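Asker: Take this structure first; my questions come after.
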Amino acid sequence: RPAPQRPVMLDTLTFLLEKLLIVAHLKLSVLLPPPRATAPRSWKTRSPQPAGAARGFERGDLLEVPRTLFTHFGIYLGDNRVAHLIPDILPLLTADGRRIQEMVTNTRLLLGVLSKRASIRVDSVEDFAYGAGILLNAMDRAVVPSPLAGEEVALRAELVGTVSYSLLWNNCEHFVTHCRYGSARSLQTEQFCAWLRSLVQDQRSARLGALLGLLYMACWGVSASTALPALLIPFSLWMAS
């Protein structure tokens with residue numbers, strides 16, 4: 001049975017949010033409220049391991065490193081190899097495996113996000129960490145399902161290739177949680193959506209949207225092209241609040 005289609009408005013909002021986060025170069029945790037007391041995250045305080053400590057990892061382990069925008073995730077395969085999902089435009093432009101296997105540059109990554117394409121690739125632990133410390137299996141205490149057997153996790157992660165990508169709905173965290181727990185989810189996306197929902201439900205947001213809409217029309221004049229978005233945004237916030 002075909003999967004239900006998301007509304008056009010939701011797709012548009014998702015697109016705008018993705019571009020906003022990319023252009024602003026904000027780390028998602030800056031936008032998020034403090035976690036609730038019912039979901040303690042003290043497990044995040046454990047000390048990261050240096051990338052060179054790969055011999056302490058076991059096949060199927062979930063590795064976590066900080067990045068400019070978000071936390072990045074991968075699955076350790078053994079022999080100093082990590083499988084991870086990363087946005088990449090190059091597979092759309094060439095079939096040269098040698099070029100594709102080279103380390104993904106920031107330009108390739110950014111264009112991959114914009115084109116919604118990614119690769120599940122295997123890199124060394126050092127290339128995956130990119131100089132950052134590594135948290136080992138830090139999500140095990142935050143995700144309800146118990147981890148699968150290490151070998152099954154690794155076999156799931158070894159299905160390398162090009163896949164579709166979404167900053168919110170199909171990212172590296174969805175990939176590793178599918179591999180390790182059998183269910184794809186992103187705690188970062190869930191926290192961001194909870195923050196966004198609280199913002200939308202705050203009636204002050206609708207008032208602010210209306211004020212911005214009036215200022216927008218005052219600056220650009222009243223016409224169909226300016227009145228529609230100026231009215232639609234505060235009306236949507238009001239209806240959702």
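Backbone N, Cα and C define each Cβ position, glycine as well.
The active site, acyl-thioester intermediate annotation in TrEMBL covers Cys172. Summarising the annotation, TrEMBL assigns domain 'LRAT' to 62-188. Residues or ranges marked as signal peptide in TrEMBL: 1-24. As annotated by TrEMBL, transmembrane segment applies to 214-240.
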Asker: Taking DSSP states H, G and I as helix and E and B as strand, how many residues of the domain 'LRAT' (62-188) are helix, strand and coil?
Answerer: 48 helix, 37 strand, 42 coil
Asker: Including all protein chains shown, what's the count of other C-beta atoms within 10 A of the C-beta of the residue listed as 'active site, acyl-thioester intermediate'?
Answerer: 23
